[in-house]
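Accompanying notes for the structure given below.
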Amino acid sequence: MDYSYDEDLDELCPVCGDKVSGYHYGLLTCESCKGFFKRTVQNNKHYTCTESQSCKIDKTLRKRCPFCRFQKCLTVGMRLEAVRADRMRGGRNKFGPMYKRDRALKQQKKAQIRANGFKLETGPPMGVPPPPPPPPDYMLPPGLHVPEPKGLASGPPAGPLGDFGAPALPMAVPSTNGPLAGYLYPAFPGRAIKSEYPEPYASPPQPGPPYGYPEPFSGGPGVPELILQLLQLEPDEDQVRARIIGCLQEPAKGRPDQPASFNLLCRMADQTFISIVDWARRCMVFKELEVADQMTLLQNCWSELLVFDHIYRQVQHGKEGSTLLVTGQEVELTTVAAQAGSLLHGLVLRAQELVLQMHALQLDRQEFVCLKFLILFSLDVKFLNNHSLVKDAQEKANTALLDYTLCHYPHCGDKFQQLLLCLVEVRALSMQAKEYLYHKHLGNEMPRNNLLIEMLQAKQT
C-alpha cells in the first residue's frame, strides 16, 4: 500500500536518486523503482548481470542492469513480503505503524530544519557512522583446538582449512521427515539427538530444561512485552558453552583423516544449531504451529540464525582482530588468512564488516532477540499451513522493534530501518556459508553425520 508523502521534504530515491513519490514496499522510493520492484517480485523474475554485479544504478542508468537494480532495492530495504501475490492494486498493509511513525519523525525533522534555517540534504543515516576499514594483519597464533574449561581434556591439534568453489544451491520445499524431525519431536524418526537432551550430553542430576534461563528482565519503560518475553527465552550462555565443549570432547564420528580444526568447527556449528532449535521450540507462536510448519520455518532460516548468532557474539566480543568462537576461544583473523583459502577468508572478512556495522549501530540484546525472532518468522517462506499466524508474529515483532528503537535511540531516527538492512546482509552471508559447506560436502571433506549437511540436502529434495 502506498502512503502520502510530504514533497517539500525533497528526498531522493535511495535506489536510483530520482524524486521520491511516496512510501512503496517499506521504503520511500520513486515511481519507477516501485513499479520495477513490484513486477520483479510478482512475476518471479530472475536476472543476470553481464558485468561484475556492481553496476552503477542512477536515474539514467537504472534500466541497463535489472540484476543490480533489484539487488540494490533489497539492500536499501524494499520488502518482498509487502508485494501482493494476487497482482491486485495496493500492497500488503503491514507497515502502517512504521509509515506513520516515520512520517512523524520527518515532520519533526522538517520543523527543526525550518527553525534552524538549514537546508535538508540527503546523506548517510543519522547517528550511524561509516564502518571502519577491515582490520589489519596480526601475528599468527597456534592452531585451533578445543579449549579446556573446568578440567576438560584438551582437544586435538589444529590442521589447515580448505578452499572451495561456490555455484548457487538449489532450493526446494522441505519434507516432514527430514533431519529436524528428531529434534522437534522425539517420537519422529530422526538422528540420535532428541528434542530435550542431545545425546553427547550427560543427563542432568535433576529434571529441567536443557539450558538454564535468566531471571525475567524488568526492562524499564519503553520495552515492549514481546521483547521482554524473548529475553526470558534466551538460554544461559555459560551453560550452552559448557554443553558444546562437553560434546566436542566426545570421540569424533567423522573421518579420522580429516583436519582437526575443520572437524571441530563443523561440530561446533552442529551443536550451536541444536541449541537454536531448542530456543525455537520454546518461542511463543512457534510452539503453536504444526510440526510441518515448524520444520519449514527452520529449514528456511537455519543458516541465517547461525550466522546472526555468530555476528552478535562478535559484536559483544568487540575486538576487530579476532573472532570469538561459541566455546569462548579467540581465533586471530590472520589464522584464518593463513590456514583458509581465499574464498573462506573473504567470507570471514565480510562477516567482520557486518560486525563493525552493527557495532556502529549500537546493537543491543533487546534488538538482537527481536531480530532473531524476525529471522525465524520470515514471510518469504511458502507453503505454510498457517501462514496467517506467522504473518501476525512478524508484524508484532516489527512493531515491537520499531517502538523500542524510537524510544531508546531517539537520536537515531532510522535505526529500525538500518537494523532490517543488516538482516539482508545476514541472509547474503548465510547463502555464501551454505555454498561453502555444500562444496566441502561434494569434495568428501565433511564429517559424517553432520546435521548442517543434512539440512542442505533437505533443501534439495
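Note that the numbers count up from 1, one per residue, in the order the chain is shown.
Backbone N, Cα and C atoms are what each Cβ position is placed from, and that goes for glycine too.
Mean pLDDT for the DNA-binding region (10-85) in the predicted structure: 87. Under the heading DNA-binding region, Swiss-Prot lists 10-85, citing sequence analysis as support.
Taken from Swiss-Prot, the feature 1,2-diacyl-sn-glycero-3-phosphocholine binding site covers G341, Y436, K440. The number of other CB atoms found within 10 A of the CB of Y436 (1,2-diacyl-sn-glycero-3-phosphocholine binding site), across every protein chain shown, is 20.
Positions annotated as compositional bias 'Pro residues' by Swiss-Prot: 126-139.
What Swiss-Prot lists as domain 'NR LBD' is 222-459.
Following the DSSP three-state reduction, the secondary structure of K34 (N6-acetyllysine) is helix. Neighbour count (other Cβ atoms within 10 Å of the Cβ, all protein chains): 23 for K34 (N6-acetyllysine). Sequence annotations record features per position, and here Swiss-Prot assigns N6-acetyllysine to K34 (among others).
When Cβ atoms from all protein chains are considered, those within 10 Å of K38 (N6-acetyllysine) total 18, not counting its own. Annotation source Swiss-Prot lists N6-acetyllysine at K38 (among others).
Annotated N6-acetyllysine per Swiss-Prot: K72 (among others), in sequence order. Sequence-distant neighbours of K72 (N6-acetyllysine) (same chain, six or more apart, CB under 8 Å from its CB) are V15, I57, listed in sequence order. When secondary structure is read from DSSP and collapsed to three states, K72 (N6-acetyllysine) falls in the helix class.
The phosphoserine feature in Swiss-Prot is assigned to S203; the stated evidence is similarity to another entry.
Annotation source Swiss-Prot lists region 'Disordered' at 119-153.
Taking CA atoms as the reference points, K34 (N6-acetyllysine) and Y436 (1,2-diacyl-sn-glycero-3-phosphocholine binding site) are 34 Å apart.
For the DNA-binding region (10-85), the DSSP counts in helix, strand and coil order read 26 helix, 8 strand, 42 coil. In the three-state DSSP scheme, G341 (1,2-diacyl-sn-glycero-3-phosphocholine binding site) is classed as coil. The distance from the Cα of G341 (1,2-diacyl-sn-glycero-3-phosphocholine binding site) to the Cα of K38 (N6-acetyllysine) comes to 39 Å. Counting Cβ atoms from all protein chains shown, K440 (1,2-diacyl-sn-glycero-3-phosphocholine binding site) has 22 others lying within 10 Å of its own Cβ.
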